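Everything on this sheet refers to the single structure shown next.
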Amino acid sequence: MKQLNFLLILFLALVLSACSNSRIEPKSLYGNTITEFSGTDEMGKSISNKDLKGKVWLVDFIFTNCETVCPPMTYNMSQVADQLEKDGISHDDYGIISFSVDPKKDTPQKLSDYINQHNPPKGVWKAVTKYDEKFIRQFAEENFKTIVVPPTANNTQATHGTSFYLVDQSGMIIKDYAGKDTGDKKFPKAEIVEDVKTMIEEGPYKK
């Protein structure tokens, strides 16, 4: 009987240990909190880093005149939003935010039209513009460890990363994902959906 009780306790300890290790740990590149920013969203309203607090966010970098990577990225992000909607996840708990890398040309209306092509769930997807090019270069590099080269007079296409980023309720950047299929890296829709759900359930990461 004592041996049976011991085995039962051991089993429960293993189960609890497995559960406690299920939390999402920040990748080594990240664990930093998003620095201050301010801009204008797709509705023409002011938005800043303070507006991110309290929700889980998925972040990416796009521009509306993009001829290559942005269309598949935006479609893929819309698929994540649709799945979370089907799974009953409220926009009170998570959101999507796309930062324009071409703020000179991307007006709030252009960003709104671009995102709404995919009919995302109402209230989920924000897009940000109305800051200068120097800011978005530094913001992307310092926070998300990614490159941004805005368009020039000789090149209408910007250079930017194609990752999606998971940000917790405190504004901490947790991890990144392939925003589109590139070589061996595949867009991990199911993983992103589950990570958002887990982060909502767990709350902000605590060291």
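Cβ coordinates come from backbone N, Cα and C, glycine included.
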Which cysteine out of Cys19, Cys70 is the one TrEMBL pairs with Cys66 in a disulfide?
Cys70
Which has the fewest other Cβ atoms within 10 Å: Cys66, Cys70, the binding-site residues listed?
Cys66
For a quick check of packing: other C-beta atoms within 10 Å of the C-beta of His160 (Cu cation binding site), how many?
26
